[in-house]
Amino acid sequence: MSTLFVFSVFLLLSVATLCVGYDYFMLAETWPKSYCNYQSQTGGRLCYGTVPKHFTIHGLWPEEWTRQIHNCNATNTLNQTHIQPVRRQLTAFWPNLNGNDFSFWKFEWDKHGTCSENSFAQLPYFQLALNIKGRINLLKMLSQDQIVPDNRKSYNTTSVIDAIRKGTNHAPQLDCYVQRTNNVTILAEVRLCLDVNGTSYINCPNPSGSCATTDLYWPKP
Ligand SMILES: *[C@@H]1O[C@H](CO)[C@@H](O)[C@H](O)[C@H]1NC(C)=O
Ligand SMILES: *[C@@H]1O[C@H](CO)[C@@H](O)[C@H](O)[C@H]1NC(C)=O
Ligand SMILES: *[C@@H]1O[C@H](CO)[C@@H](O)[C@H](O)[C@H]1NC(C)=O
Ligand SMILES: *[C@@H]1O[C@H](CO)[C@@H](O)[C@H](O)[C@H]1NC(C)=O
Ligand SMILES: *[C@@H]1O[C@H](CO)[C@@H](O)[C@H](O)[C@H]1NC(C)=O
């Protein structure tokens, strides 16, 4: 009887997992100045216009703990009409810094959004990303610990992680790149992790991410 019970619970869990198909969400927020400098360094497409002085959305990524998932449904491509209701907000908070906005949203939806399509269709997925972004102001949270963009000063990676942890009660994940001219580590992204419904924060894996060194720089726009 207890075996049957365990088996039933196992079945239920399997079914639940099948329906969702991912373990958690990661919202990646870009620091535009770093992204644009990186494009220059790597010979990528240069940014145009004024570099935003706030974090912008890179993507909302359904993730699994043990493997990479992407491009989950090639048939379900992003349709302009579906996201029309939030287009204005997307332009403001999820801009393509060096290309066409819609092609960026389409790339992110096709690659990542399709992996949570059973829980979040196109419009709800973009609404969720905007909603998570709107819940906290990373810039303000970091400044409360005297961590502000500065071209001369470096910050201890641990204290950047701790400043965000204080605000969300959970570990973020940072992303960096190495600036070739002077071999210093540059903060490029802050990522927040949430449960499958996008409701509560959870700890991200590997908080220091690609920012392996102790010191990182956060360039002023
Ligand atoms: C893929 O997306 C299409 C179009 O939205 C949908 O009809 C189909 O059911 C999806 N496939 C799977 C396996 O979910
Ligand atoms: C996009 O969605 C609209 C509204 O649902 C629909 O009329 C249109 O055919 C769709 N476009 C494409 C290319 O699927
Ligand atoms: C970085 O900060 C952490 C905690 O805030 C501290 O324990 C550590 O010693 C610092 N590392 C350096 C190199 O300053
Ligand atoms: C760049 O910096 C890292 C860490 O500070 C150091 O280990 C490495 O040797 C440096 N590389 C060069 C080419 O200076
Ligand atoms: C997500 O929402 C579903 C439906 O409301 C609920 O059954 C599930 O427990 C929630 N999952 C988490 C991790 O909160």
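Quick reminder: no glycine exception, Cβ is built from N, Cα and C everywhere.
The feature signal peptide is assigned by TrEMBL to 1-21.
Residues or ranges marked as active site in TrEMBL: His58 (among others). The secondary structure of His58 (active site), as reduced to three states from DSSP, is extended strand.
Neighbour list (Glu108 (active site), Cβ cut-off 8 Å, at least 6 residues apart, same chain): His58, Gly59, Leu60. Feature annotation from TrEMBL assigns active site to Glu108 (among others).
Look at TrEMBL and you will find His112 (among others) tagged as active site. Counting every protein chain shown, the Cβ of His112 (active site) has 24 other Cβ atoms within 10 Å.
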